Amino acid sequence: MALTSAASTDAPPTTGFWALTLGGVGVVFGDIGTSPLYAFREAVHVAAEGAQVTRVIVLGVLSLILWSLFIVVTAKYVLLLLRADNNGEGGTLSLMALGQRAIGRRSVFLMSLGVIGASMFIGDSMITPAISVLSAVEGLKIAAPALEHYVVPLTVGILVVLFAFQRWGTARVASAFGPVMIVWFSTLAVMGLIHINDDPSVLAAINPWHAVHFMLSHGMVGLVTIGAVFLAVTGGEALYADLGHFGRKPIQTGWLFFVLPSLLINYFGQGALVLSHPEAVENTFYRMVPESFLVPLIVLATAATVIASQAVITGAFSLISQAVQLGLLPRFEVRYTSETHAGQIYLPRVNMLLLIGVLMLVLLFRNSSGLASAYGIAVSTTMVADGVMGFVVIWKLWGWRPAAAAALIFPFVAVDAIFFSANLLKLLEGAWVPLLFGLLMATLIWVWRRGSAMLILKTRRTEVPLNDLIQSLEKRPPHIVKGTAVFLTSDPEYVPTALLHNLKHNKVLHEHNVILTIQTAQTPRVDPAERVTMENISDKFSKVRLRFGYMESPNVPKALVIARKLGWQFDIMSTSFFVSRRSLKPAAQSGLPRWQNHLFIALSRSANDATDYFQIPTGRVVEVGTQVTI
């Protein structure tokens, strides 16, 4: 039979270019924009090894920072990967989906890269709030040394308030993020310009030879220093992840003409300060201003780090939501904090887990220098994964020859690999923490995927083909009742469990029965014209398929209204939704190792109710329970 579809009249809102650029400055660059608080200081400390800071060290570190920002952030992300958008969206999972779409099938290799990159992003989303807020509050030690003991408690208090605030969303205060960060970056530039005059010869670091000379003359210390230099580019991957929110041009404009110059000027100002006043290396950032300006700068830095942390938290919510839609994780409870912005979501469980992880990091390391050792490994792993997946997109989707695609992307991957190796050297000093968080996340995804596949295989053995049931009901029709019954199922070729139970226990059949399947596309959003597909298979049965993008919130009743254009007189008040709820029990002989079996069952039990997740009115739902051993 012919398949039909209908379109919706909904249209995405449009925002002015400069408004998007301002918004991007407030959200996209928060993480990388707060790196001057600690990046240069930590790199110089590592390079000096406790000895006197020399001119070679300062110029070498500055040159490494400059060219890292040029190569990794500007060339790789801003100029190249921002063009690899998946229907306007960016980020690790979007790149994974784009690569799979490009090769025309699901790839275990690409899936693994996407999972690794996403898992490491979650690890990074715990470290960023901790190190950012802690480094800002540490300015109190300079303003008032007697307050040093209050740095950690104050940091904990700020973070608890920040995470507690998530339940109300950020829509009301987000408009202030842009102006605050404009002030922040402008302040960075002014501070840098003032101190470059202390020793203008610091500008010689623009010559990449100083980076090469430093590496050649410092051996293994140089490689360890690269791990600290990487702190200056952490957050670069966020430029790509936020592509869908602000667009390529606004992000490129904000970076190239405002954020990058401000960062470089500040770093060079810190370098000039250390060359003229070596004692300032203790905390180069806060030593750039006189004591009378310390408190206002601490307040501004704290505001900037809170905004940066907010962007990372929001990114974590978005990534987990995408992972759920792609079937990588169970359905977590999602609350919508804005009636006008679909992307404003709050995941209570994820928020609590992030808060616990962040507080553990603050209490474990207690200062930003300690956390700096843990920072970087997660981001560098994500960047390597992005680079390899980018090669697939350039080759398969853009149509480049493999050699040309490799020549373009693998120099960036090589640089990312060097940063990754350098960060591995900090494994025992703290880099194990984000790796542990990432490993735990990847394990959850792996077990959920494996358990779900095994559950499908097990239930398939007892399922009845839908066409066989329809033929049987036509020969021996049961009692027919008025109304419409919608049966949710993952496979429309087989009879939903709820339908079998309805026939077995109630011995009735509705006059209209809809076998409803909800699919997630490999695109962030689905064109409304392709949202609903309907197929009539008999007088009493029809199949309806709803397609949602992996960044969309599946709203079943709203989508079914579109079916009216296909001839189905859908009325929510005369429709009953039948949902099957599985109760999983461990089998005596499971196909999974014992620990995986119990973990999968625990994940399944923690999943949000399908009724709530698909936004179906609870008063119209009939839930049928079944017990399955796995």
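Count begins at 1; order follows the chain as displayed.
A Cβ is built for glycine as well, from the same backbone N, Cα and C atoms used for every other residue.
What Swiss-Prot lists as transmembrane segment is 17-37 (among others).
Here Swiss-Prot flags 56-76 (among others) as transmembrane segment.
Under the heading transmembrane segment, Swiss-Prot lists 108-128 (among others), citing sequence analysis as support.
Residues annotated as transmembrane segment in Swiss-Prot, with sequence analysis given as evidence: 145-165 (among others).
The transmembrane segment annotation in Swiss-Prot covers 176-196 (among others).
The transmembrane segment annotation in Swiss-Prot covers 214-234 (among others).
Per Swiss-Prot, the feature transmembrane segment maps to 255-275 (among others); the stated evidence is sequence analysis.
Residues annotated as transmembrane segment in Swiss-Prot, with sequence analysis given as evidence: 293-313 (among others).
Residues 125-127, 129-130, 134, 152, 155-156, 159-160, 163, 166-167, 169, 313, 316-318, 320-321, 332-337, 371, 374, 430, 433, 437, 553, 606 of the same chain, all 6+ positions outside the transmembrane segment (345-365), place their C-beta atoms under 8 angstroms from a C-beta of that stretch. Residues or ranges marked as transmembrane segment by Swiss-Prot on the basis of sequence analysis: 345-365 (among others).
Annotation source Swiss-Prot lists transmembrane segment at 375-395 (among others).
The feature transmembrane segment is assigned by Swiss-Prot to 402-422 (among others). The list of residues near the transmembrane segment (402-422) in space but at least 6 beyond its ends in sequence, with Cβ under 8 angstroms from a Cβ of it, reads 68, 71-72, 75-76, 80, 223-227, 230, 233, 376-377, 380-381, 383-384, 387-388, 390-391, 394-395.
Residues annotated as transmembrane segment in Swiss-Prot: 427-447 (among others). Residues 115-116, 118-120, 122-124, 126-127, 323, 328-329, 357, 361, 364-365, 370-371, 373-378, 381, 592, 596, 599-600, 603 of the same chain, all 6+ positions outside the transmembrane segment (427-447), place their C-beta atoms under 8 angstroms from a C-beta of that stretch.
Within its own chain, the transmembrane segment (108-128) is flanked in space by residues 31, 92-93, 95-97, 99-100, 234-235, 237, 241, 308-309, 312-313, 315-316, 319-320, 323, 328, 354, 357-358, 361, 371, 374-375, 377-379, 381-382, 385-386, 388-389, 392, 433-439, 441-442, 445-446, which lie at least six positions past its ends and keep a Cβ under 8 Å from the stretch. In summary, the transmembrane segment (145-165) lies against the transmembrane segment (293-313): three or more C-beta pairs, each 6 or more positions apart in sequence, are under 8 Å. The stretches the transmembrane segment (255-275) and the transmembrane segment (375-395) are not in mutual contact, being linked by fewer than three Cβ pairs under 8 Å (pairs 6 or more apart in sequence).
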